[in-house]
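S.K.: One structure, pasted below without further comment.
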Amino acid sequence: MRQAGSGPTLVMVLAVGVFFGTGVILLLERSLTRILLGVILLGNGVNLLILLGGRSGGAPIVGTGPVAEMSDPLPEAMALTSIVITFGLTALLLAIAYRSWSLTGNDEVQDDLEDRKIVELAERNEVAATDVGGDDHADDPEQVNPAPALRRLRRRDGG
Amino acid sequence: MLVLLILHLVAALLAPLLVRWWGPRACYPLALAPAAAFGWALTHAGTVRRGDPVVEAYPWIRQLDLDLALRVTTLSWLMVLLVGGIGAVVLAYCAHYFTPAEPGLGRFAGVFVAFAGAMLGLVVADNLLLLYVCWELTTVFSYLLIGHHPEQRSSRWAAAQALTVTTLGGLAMLIGFILLGQHAGSYRWSVIAAGPLPGGSYLVAAVLLILVGALAKSAILPFSSWLPAAMAAPTPVSAYLHAAAMVKAGVYLVGLLAPVLADAGPWRPVTVLAGAATMLAGGWAALRQTDLKLLLAYGTVSQLGLLVAATGAGTRNAALAAVALLLAHALFKAALFLVVGIVDHQAGTREIGELSGLRRRSPVVCVVAVLAAASMAGVPPLFGFVAKDEVLHAFLDQPVLLAVLVAGTMLTVAYSARFVWGAFADKPAVAATPVKPVPVALLAPPALLALTGLLLGPLAAPVGDYLVPYAELFVGGRAHLAFWHGFGPELLLSALVLTGGALLFALRGPLLPVLNRIRTPAPGTVVYEWLIHRFDRTAIEVTSVTQRGSLPQYLGIVLLVLVVVPGGALLAARPALAGVRPWDTPLQLVVALVLTVAAVLAVRARRRLTAVLLVGVTGYSTAMLFILYGAPDLALTQFLVETATIAVYVLVVRRLAPRFSARPLRRSRWVRRGIGVATGVVMAGLALAVASSRTDPPVSAAFPDLAVREGYGRNVVNVTLVDIRAWDTMGELAVLVVAATGVASLVFERSRTGPRPRRREAAPPETREGQRLWLRGGPTLHARHRSIVFEVVTRLLFHTIVLFSLFLLFSGHNAPGGGFVGGLVAGLALAVRYLAGGRHELQEAAPIGAGTVLGAGLAVSVGTGVIAMLAGHQVLESSRIDLRLPGIGDFYLVTSLFFDVGVYLVVVGLVLDILRSLGAEVDRQIEAAGEPDRALAADREGEPT
């Protein structure tokens, strides 16, 4: 009954698809704890994907079976590190969610305020705050006054 | 030469200190650095006169073809004289120009000397890349000098404009240099000049790009607007910038390249046309100015135009005229600026309309100014006359250009006269300006420069002998500099120019409306301002479209690209499938179904706890799939990690609301689901394609053999981790340490290394009569959270689990297990202790900092690698140590075991760190916030136990 070997196992492919699909849906949420669950699901999907790169078979432990029928050890080693790193990432994201909660009272990813400001600037056809120094040509004898040029420009923009 | 550069660097670094000690007088010792450059140039005068180069070279960055190749020939020798000489004179002037109260004088002096050093490096560099580096250094330093008063907007504005324009030019120039250098295979100009030039559009592009840089630096049209604006700088800076440095860099570059590139494509038309146009426009604008400094600034623009036209023309006579004019201009323009500084200081104004009667009140200053201005106007017997005469002589055969130059020099005469008149004449309508007496120390520098101009005039012929080797780089008849060329056409022209200029000046009243009417259609500053404004607007528009600030939106776009591009490629290529089979064993299908149901339910779950448990089910299912695929190590790790993940997740979400917040995302729900499903389908397709696309036997086919023979282990996966691909694992350990540090720093609001609950303060073992204490931390818990059964089981199992984890660690080389698995098991043991007994119990279980464990783990892993290296093996190579112990018999140790011990420690440290942060610290914060029912531990007062 047991078939082993290289080439894709459809059931595994199906699992990969399910993990990616559900993971992405959660990833596109705004709640960090949900995003995190999405990351975990994606992580599982990626690990299965890596594993699919090698053949299936017996455990890759020399002496337990014929070497030719062993599963591919290299993707397994990669997936193993990947699992542990996902754990580290999970913990970090949880800490971020916790931090977000302790700062704002929820764990939701807010829109970036600075970016929204830029969008508003664009809608009003303005530029970012220009250099607003506090000097006047009159009180500084060593200066050439660039103000005429600036004034002209403002007039043009305003009118 | 390198010594000179280092001297400038040291002087620049010392400058702030010296200024703090001695105030403005510190400029005198600082002037020694440029003076040394001047002296050095004088000692090499003989070599240069013979036409021989002075060469030094030091290796620097070989990979970039960047060496410190220094080469001084006639042109650069003259520039060293000017940069050093004028630099020293201006610094000496600074010593009295500034008051001790001047803010930022230390920085100013340092930047000034550094600027002189950069300029010196620029003119002695033979390597074009080195030249570029110095070029940009002068740009940066001039930015700092122009912006000397950062609190004033005009100062900042002028500095930013100079920086923007010249840097833009500099970048274009760099590309030009690279074009030339890549073609020649060397970046030394002496080598490029000796070899064949590239041809066609390649050369045209290189020439144009380089010229953009040179013209921008020299404020030639259309880049001239920054120079008048740069008048915001203190006057000594203007003097140096205009006379010897910065703007002269552009002229120098044109002069340096002209002997080779003058005949190349657009060189001559561009330099001559732009130069001549600039000369006219600058001279015209200078006649209009009422600020003496601005008048001089436009005069500089005009003179630079003449210089570039003469230098770029590329004939022998023009070249000689150009270097003579370079020298003359440096002398008179520096003197004039310094005079303006004096007038400004002593009379308190630079406005022509406010100055009157200075002729009589400051006669010596007036004489100096007249000498310098006469040299600028080209009045004999000053050196300026010699230079101008030579220029007109050089262009005798080009009538149109000659006419333009004659007109330009007429304007020069007119604005020179206007300068002297404006500063010193008695004006009937203006009351005599009160003037403070002029200190000798302030007057000496401009006087010295003006007198030099007077002296060099009659000495034209010997001076010419030093400059002729440069002219001889060009083709043409014999060129020589002479004070008296005899009665020739150029003498006639000179007379015409002087008369015409005088006439223009005399007619200044009637001409004023014309002067004001005829302007450049768009002033440079307005164009610059408009361009910058447009640039800002474009940036805002682009940013507002691409950067909406919404994370789901960004991710959605990234994922859509993933679906469309690789998905489309997949559809287009339709790779052949090979070896497809439904399953390895039907059990896989069952697991996959469970997994699918759990994943879909997890997406729909509204409660956090439900969701994480469902995700946990998918994790355990994955572990099952691993086993069925033939990967027991993976499955073990997955089981353990999944358990730890659920525990950690619960630790955090206990503080959050039990349900996910329902944000107004309903509208976009179907979009998200669509993207999710599409991504899933594409990834499944990719998995299918990738798994059937193998053409070569896997590299890991040799691993089992390698593992036994060189890794001395039978568990191939483990040997891969600790030996065959140990570097990967090392990288992973670093990632884990970083993640752990991140977790701690996000959660701990105070220092992690700060006060930890100590054993003493933790839990006094208050056993009650007849009551057995299973865990020392138990009594610190809230009664509601205590479970005696849990405590008993923990007490009984903890040491066994730890022992088991060590067994997994040691046996991992030959059987499923290893450092990762062992570390996770030990970490879970700690987690159990924490859950059963609270944070004090965790402290009992692991009275050591998580950071210490993490660091020790990393140190052990790295140490293993280093020791292998020290023992003469490759880094991280395994060795086998055979041992014999009495009673046990023969056995062997593999050194990679120690690497695995490091892995074990890092993983334990990670888990401990997470428990400390998200467990114990969050507990503490909950207690501090007064929500005892959510914390594991509780205050024991008033609560019945």
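Cβ atoms are placed via backbone N, Cα and C, with glycine included.
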S.K.: When you get a sec, could you say which of B:4-31, B:200-227 is annotated transmembrane segment by TrEMBL?
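M.R.: In TrEMBL, residues B:200-227 carry the label transmembrane segment.
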S.K.: Under an 8 Å Cβ to Cβ limit, what residues of the same chain, 6 or more beyond the ends of the transmembrane segment (B:817-836), are close to it?
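M.R.: Apart from its flanks, the transmembrane segment (B:817-836) reaches 633, 636-637, 640-641, 643-644, 647, 715, 717-718, 721-722, 775, 778, 787, 790-791, 793-794, 797-798, 801-802, 804-809, 811, 842, 844-846, 899-908, 910-912, 915, 919-920, 936.
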S.K.: If we skip the immediate neighbours and take only residues 6+ beyond the ends of the transmembrane segment (B:105-123), which ones have a Cβ under 8 Å from one of its Cβ atoms?
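M.R.: Distant contacts of the transmembrane segment (B:105-123): 4-5, 7-9, 11-13, 15-20, 23-24, 26-27, 30, 33-34, 37, 76, 79-80, 83-84, 87, 91, 94, 98, 130-131, 133-135, 137-138, 141-142, 144-145, 148, 234, 236-237, 240, 244-246, 249, 252.
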S.K.: Using Cβ atoms and a strict cutoff of less than 8 Å, what residues sit near the transmembrane segment (B:848-871) while being 6 or more residues removed from its termini?
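M.R.: Sequence-remote neighbours of the transmembrane segment (B:848-871) are 726, 729-730, 733-734, 736-737, 740-741, 744, 752-753, 756, 877-879, 895-896, 898-899, 901-910, 912-913, 916.
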S.K.: May I have the DSSP-based helix, strand and coil counts for the residues of the domain 'MrpA C-terminal/MbhE' (B:674-747)?
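M.R.: Result for the domain 'MrpA C-terminal/MbhE' (B:674-747), in helix, strand, coil order: 60 helix, 1 strand, 13 coil.
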S.K.: List the helix, strand and coil residue totals of the domain 'MrpA C-terminal/MbhD' (B:594-656) as derived from DSSP.
M.R.: 55 helix, 1 strand, 7 coil
